[in-house]
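Read through the structure below, which is laid out as structure tokens, and then see the notes.
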Amino acid sequence: MGRCLLIEPGLVPYLTAWEWQRQLMATRIAHRDRPDVLMLLEHPPVYTLGQGADAKHVLVDPASIELYRTERGGEVTYHGPGQLVGYPILDLTGYRQDLHWYLRTLEQVLIEVLADFGVQGEREAGFTGVWAGGRKIAALGIKVSRWVTMHGFALNVDPDLDAFARIVPCGLTRPVGSLVQLCPGVSVEQVQPVVACAFARVFGVQCEPGALEACLAVKPGC
């Protein structure tokens, strides 16, 4: 069973976490013997566009919001407090070199998390993400270089859903939902360890606490 270091830094500005991912990806590509990493965190309010996303899906003046175009796949989405974001930095050569498999496996992690809270999560044919109660509850968008991953998934636990009204989320005009609508009182703090456990189970790895600084070091410290 492989190791996966779990980094849980709390509330992190988007640009900071983006740079961490880039550094972790570069380190993982250069040092294939390093363990995989899973970052679980929240962001202050921010909007991001995928590499080929249509800017018309931003329904307000871009100057009025914090907005970044990233190298991930997918359309525009919102991140903010109450949404649990996962950034796996995985070397897929140790799993399967198949991006379709990777996306479906991330979805399976989230479906199993929802099941732990008594909520039935579902896939929808032709789309990426997870739905529950007829609403999209989790979005995915990834970047892969030399079979090492970055970006990942966002699970709406109890975010400000009004923030999604400023965009066409993931290019879909259908409603966005949250776990708290289906499981009242649930919090990110409750969901986060469940996500870590489901990730370990589905990917067949052992998650253990890690230190970001050690994982970025030139000399292996993690």
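Cβ coordinates are placed from backbone N, Cα and C, and glycine is handled just like the others.
These come from Swiss-Prot:
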DOMAIN    32-207  domain 'BPL/LPL catalytic'
BINDING   Arg72, Gly73, Gly74, Glu75, Val76, Thr77, Tyr78, His79, Ala139, Leu140, Gly141, Gly152, Phe153, Ala154  substrate binding site
SITE      Lys136  site 'Lowers pKa of active site Cys'
ACT_SITE  Cys170  active site, acyl-thioester intermediate
Report summary line: Record-listed substrate binders Arg72, Gly73, Gly74, Glu75, Val76, Thr77, Tyr78, His79, Ala139, Leu140, Gly141, Gly152, Phe153, Ala154 have a maximum CA to CA distance, in Å, of 16
Query - Val76 (substrate binding site): secondary structure state under DSSP, collapsed to three categories - result: coil
**Report entry** Distance, Lys136 (site 'Lowers pKa of active site Cys') to Arg72 (substrate binding site) (CA atoms, angstrom)
**Finding:** 19
Requested in this report: Tally every other Cβ atom lying within 10 Å of the Cβ atom of Gly74 (substrate binding site).
Outcome: 21
Report summary line: Same chain, |i - j| six or more, Cβ under 8 Å of Phe153 (substrate binding site); the result in sequence order is Val85, Gly86, Leu106, Val109, Leu110, Ala138, Ala139, Leu140
Report summary line: The rounded CA-CA distance in Å from Tyr78 (substrate binding site) to Lys136 (site 'Lowers pKa of active site Cys') is 13
Query raised in the report: Among all the protein chains here, how many other CB atoms are within 10 A of the CB of Val76 (substrate binding site)?
Result: 24
Query raised in the report: Using a Cβ-Cβ cut-off under 8 angstroms and a sequence gap of six or more, which residues of the chain neighbour Gly141 (substrate binding site)?
Result: Gly50, Thr70, Arg72, Gly73, Gly74, Thr77, His151, Gly152
Query raised in the report: Across the domain 'BPL/LPL catalytic' (32-207), what is the average pLDDT of the model, as a whole number?
Result: 94
Query - Whole-number Å value for how far Lys136 (site 'Lowers pKa of active site Cys') lies from Val76 (substrate binding site) (Cα to Cα) - result: 14
Report task. Could you tally the C-beta atoms, other than its own, that fall within 10 angstroms of the C-beta of Arg72 (substrate binding site)? Result -> 21
